[in-house]
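Record features (TrEMBL):
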- 13-87: domain 'Cation-transporting P-type ATPase N-terminal' (DOMAIN)
- 71-88: transmembrane segment (TRANSMEM)
- 94-114: transmembrane segment (TRANSMEM)
- 261-280: transmembrane segment (TRANSMEM)
- 292-318: transmembrane segment (TRANSMEM)
- 725-746: transmembrane segment (TRANSMEM)
- 766-787: transmembrane segment (TRANSMEM)
- 808-835: transmembrane segment (TRANSMEM)
- 847-868: transmembrane segment (TRANSMEM)
- 880-900: transmembrane segment (TRANSMEM)
- 912-928: transmembrane segment (TRANSMEM)
- 944-978: region 'Disordered' (REGION)
- 946-957: compositional bias 'Gly residues' (COMPBIAS)
Amino acid sequence: MTDQGDPSITRSDPSLTDADEVARALAVDPATGLTTAEVARRLAEHGPNELRSTRTNPLWRRILAQFTDPLIILLLVAVVISVVAWIVEGAHGWPIDAVVIGAIIILNAVLGLVQEARAEQAVAALSVMTRAQSTVLRDGELHTVASAELVPGDILVLGEGDQVGADGRLLRASALRIAEASLTGESEAVEKSAATLTAQVPLGDRLDMVYKGTAVARGTGRAVVTETGMTTEMGAIATMLDETREEPTPLQQEVSRIGRVLGRVVIVIALVVMLALALIEGINSPSDFVTILLLGVSLAVAAVPEGLPAILSVVLALGVQRMAKRNAVVKQLSSVETLGSASVICTDKTGTLTTNQMTIERIVTASGTVDLSGAGYAPIGRAAVDGRPLEPGALRTEAQIVLGAGALANDAQLAEHDGVWEIEGDPTEAAFLVAAHKLAGIVEATAQYGRIGDVPFTSERKMMSTVHRRADGSTVVLSKGAPDVLLERCTRVRVGDDVVPLDGARRAAALADIEALSQAAYRTLGVAYREAPEFGSLDQGGDVADPDESHERDLVYAGAVGIIDPPRPEVPPAIAEAHRAGVRVIMITGDHPATAARIAADLGIVEPGRATALTGTQLDQLDDAAFAQAVRDISVFARVAPEHKLRIVDALQADRLVVAMTGDGVNDAPALKSADIGIAMGITGTEVTKEAANMVLADDDFATIVEAVREGRVIFDNIRKFLRYLLYSNTGEVLTVFFGVVFAGVLGLSDASTDSIVLPLLATQILWINLVTDSAPALAMGVDPEIDDVMARPPRGLHERAIDGRMWAGIVTTGVTLAVITLLTIDVFLAGGVIPGGTDSVDVARTAGFTTLVFAQLAAAFVARSATSSAFHGLFSNRWLVGAFVLGVVLQVLVVSWPPLQVAFGTASLDWQHWVWCAVAATAVIWVDEIRKAFVRASDRRRAASGGGNARGGGTGVRDAGRALADGDGPRHPSSIA
Ligand SMILES: Nc1ncnc2c1ncn2[C@@H]1O[C@H](COP(=O)(O)OP(=O)(O)OP(=O)(O)O)[C@@H](O)[C@H]1O
């Protein structure tokens with residue numbers, strides 16, 4: 001055997017091989033794992049642990065894809081026809097139109113490619129941020145590494161909620177249950193064991209193996225990695241999963257739908273224009289035909305916003321990047337849209353609304369209350385009774401037991417590094433360690449207790465126990481947990497040095513103490529114990545090895561602690577902001593109802609003094625109708641188990657609400673999947689919840705969710721802005737040509753020298769506007785800052801159209817204005833027509849019209865930034881837009897004045913009077929729209945005054961619901977909760 005291991009082990013069946021044998025064959029010591037150097041070597045040899053299911057898209061294919069748009073194909077065909085016509089006519093000079101249009105198409109393709117690459121880069125960067133992680137043993141230490149870096153021979157350390165990163169042979173398993181549905185379809189989690197199998201069995205029955213892509217539902221274990229990447233069982237079926245392909249978002253679908261509709265409309269318009277031209281002018285030569293054809297096709301290209309999907313993905317991707325910088329890592333582009341329309345946020349309390357910095361401040365036992373001073377994790381503080389400091393060692397026995405047992409029934413660690421006290425593990429547990437260290441004698445007393453077993457904590461059980469053997473060989477069960485839950489397992493209570501029965505009065509007194517602690521916003525935990533001779537060593541009469549829930553009985557209640565977990569300071573303003581935005585906030589916590597209600601009131605989730613919390617037990621008693629009503633009325637749910645979250649999501653969604661739901665534990669995953677936006681905690685969350693979520697909160701902070709909702713709304717607003725802008729421009733161009741040709745006679749747009757009508761725009765000019773000058777402002781609008789106060793309005797319905805009636809009104813108004821000023825400009829400078837007196841040539845007049853149109857469109861970019869606010873509001877707040885405006889003007893000056901471009905685009909030089917006219921005429925777009933917006937605002941004010949469409953409805957609605965509930969009025973209040 002070399003030190004790289006025996007590769008044949010991966011070919012033989014590791015499930016039939018002894019675990020140590022497998023580890024030996026893979027040349028790894030299960031006690032220390034591989035060395036870093038060896039990992040690097042194996043990674044180079046085996047490649048990353050990834051499923052390469054997606055084919056890479058070669059450049060040529062991506063380039064080709066830029067030309068697959070039907071309109072671009074149409075344009076290419078037209079170019080070919082014009083070249084043919086040019087040849088037929090004797091191939092004099094250059095086929096200028098064909099060359100120019102060809103160049104524009106290529107430029108457009110390049111821009112498309114660049115945008116696509118940017119969007120892809122952003123998405124790829126995200127997938128790096130959200131990639132799965134695994135815990136491994138390397139160099140004798142535990143490390144968290146990207147699962148993609150696992151290699152054969154790695155020792156995987158598995159815990160509840162972990163994703164299994166690679167295939168492996170179990171070395172040990174403790175109550176390990178693995179959910180293998182993704183691999184075998186089996187919905188029940190499978191109980192695993194390290195015992196070697198004796199016969200070959202199907203995948204689902206290989207209990208001594210774990211497989212990539214499955215998840216730890218419960219328990220812990222260690223496994224030696226046998227296969228990675230495509231050679232895993234998941235790799236074998238990976239061709240079936242094309243996981244990275246993204247569904248188009250609802251908005252992207254709507255945009256393609258709009259594109260299709262516009263395409264049809266404009267083809268009709270183009271045909272009418274072409275027919276009108278052919279009839280009025282007649283087709284006397286191939287070049288006449290080509291001119292008409294190119295114009296028709298250009299019109300079609302101009303009207304359909306074919307650049308839109310590309311801009312859309314760039315804007316979504318940039319938005320997602322911006323959100324990631326603010327700690328909200330969104331996994332799919334579509335979630336950005338959904339976030340913007342969230343109408344309810346269901347949030348955990350601990351760590352999300354609070355800082356998760358737990359400090360025990362109070363110990364309440366049968367003999368009274370002890371207060372403990374000190375903050376943070378530094379074990380510095382003193383005990384006091386009724387405000388009088390206690391002498392060291394004078395602490396009552398019960399209080400000593402509470403802290404001592406709490407510190408023993410504990411998986412956390414407290415250590416000092418460079419003068420700073422740090423904790424490892426659950427902060428609730430660490431609080432016991434800190435408190436025990438503050439007082440003399442407790443830590444010393446716990447030293448003689450050796451731990452021999454445990455019954456782990458789960459959110460469902462809300463308690464945990466450990467079994468210890470003392471120096472004298474006696475054994476004891478120590479339990480800590482939610483006091484109300486713990487008391488149900490207690491039959492006796494510690495009073496001073498005595499143990500007395502826990503009769504009705506004593507139980508009531510204990511519960512009252514807990515209630516009082518909870519109402520003071522303390523998180524409460526009880527501590528209990530029992531002598532447990534059944535665990536004694538065999539010669540002492542013990543007969544049990546592994547503890548389970550049945551041993552958590554007949555306990556002696558020692559007392560409870562009040563833990564302060566301060567609210568995050570940024571949360572109350574975030575909740576107020578959510579309410580202002582019509583977003584309801586619901587707290588769902590495992591904590592005590594009184595604690596939950598008090599903190600909810602402190603944070604502003606419900607009105608102070610009116611907070612009511614419903615517990616999981618109460619929820620269980622409600623039928624579906626009462627449950628639905630309760631979820632409508634109540635915003636604080638306490639002592640709930642993860643399955644209640646799922647039921648709450650379903651009830652809210654049945655009311656057509658868009659639900660965001662947070663979670664951290666493995667059992668939260670179904671609720672996160674079911675919610676419209678599942679949000680996993682980045683710090684405390686398990687891999688399984690992160691996998692199930694649409695968004696991961698890097699800082700676990702509630703305020704980040706509200707920030708993400710705002711960002712989602714801003715992004716959606718920006719998408720509407722450039723949709724508006726592109727549709728303004730396109731409508732303007734189409735109407736210009738349509739009116740210009742169809743009403744040429746009325747408008748008198750004719751060339752006196754040849755007696756033919758003057759085309760208001762040439763085909764190349766249309767393409768120039770559409771594919772060159774339009775793109776930059778549209779892109780700039782995608783990163784526009786918040787112009788309208790997006791949090792002042794209620795959430796948008798998930799299926800609400802991006803383009804509503806009001807937007808269409810704006811599109812028609814602006815489109816018509818653009819066409820009118822363009823045609824007017826041509827008319828002014830041309831002899832004859834409606835406005836007589838012009839003296840310019842056709843080329844000059846048309847160039848002036850073209851320039852007016854371009855300037856007016858650039859101005860329209862500012863108009864398009866808001867549905868209601870003035871174009872002058874925040875005029876310079878987007879430097880990209882200002883830059884795009886300047887660029888547009890410069891490009892237009894070039895195309896009008898630079899001789900080579902004059903030839904290409906059929907323009908002629910303008911004098912200063914022309915330029916002034918164009919600039920002034922262009923501003924008409926702004927004035928007309930300012931008038932329209934004034935009407936819109938006035939109508940909004942009227943509607944608000946008459947009580948409809950109040951943007952603050954959601955916020956007050958939540959409060960009203962709370963008030964109605966507290967007042968107990970009306971039929972909306974389910975009687976079973978009262
Ligand atoms: N490590 C622990 N050991 C024993 N009991 C615990 C432990 N952690 C929490 N508890 C008890 O279980 C209860 C529920 O805890 P759980 O973790 O399910 O929810 P939570 O942390 O209170 O709230 P949230 O659901 O908002 O995160 C707590 O109120 C506490 O009384």
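Cβ atoms are placed via backbone N, Cα and C, with glycine included.
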**Q.** Long-range Cβ neighbours of the transmembrane segment (847-868) (under 8 Å; 6 or more residues past either end)
**A.** 720-722, 724-725, 728-729, 732-733, 736, 760-761, 765, 769, 773-774, 777-778, 780-781, 784, 787-788, 806-807, 810, 814, 817-818, 821-823, 825-826, 828-829, 840, 874-875, 881, 884-885, 888-889, 892, 896, 907-908, 910, 914-915, 917-919, 921-926, 929, 933, 936-937, 940
Q: Work out, from DSSP, the number of helix, strand and coil residues along the domain 'Cation-transporting P-type ATPase N-terminal' (13-87).
A: 46 helix, 1 strand, 28 coil
Q | Cβ-Cβ under 8 Å with the transmembrane segment (725-746): same-chain residues at least 6 beyond its ends | A | 262, 266, 269, 272-273, 276-277, 280, 295, 299, 302-305, 307-308, 757-761, 766, 769-770, 774, 777-778, 781, 803, 810-812, 814-819, 822-823, 826, 849, 853, 856-857, 860-861, 863-864
(Q) Contact between the transmembrane segment (292-318) and the transmembrane segment (71-88) is defined here as three or more C-beta pairs under 8 Å separated by at least 6 residues; is that satisfied? (A) yes
Q. Among the recorded stretches 292-318, 766-787, 808-835, 880-900, 912-928, which has the greatest number of Cβ pairs closer than 8 Å to the transmembrane segment (94-114)?
A. 766-787
Q.
Give the nonlocal contacts of the transmembrane segment (766-787) in its own chain as ranges (CB under 8 Å, at least six residues past its ends).
A. 75, 100-101, 104, 107-108, 111, 115, 295, 298-299, 301-302, 307, 311, 314-315, 318, 710, 714, 717-719, 721-722, 725-726, 729-730, 733, 737, 850, 853-854, 857-858, 861, 864-866, 869, 873-874, 877-878, 880-881, 883-885, 887-888, 891-892, 895, 905
Q | Model confidence over the domain 'Cation-transporting P-type ATPase N-terminal' (13-87) (mean pLDDT, whole number) | A | 83
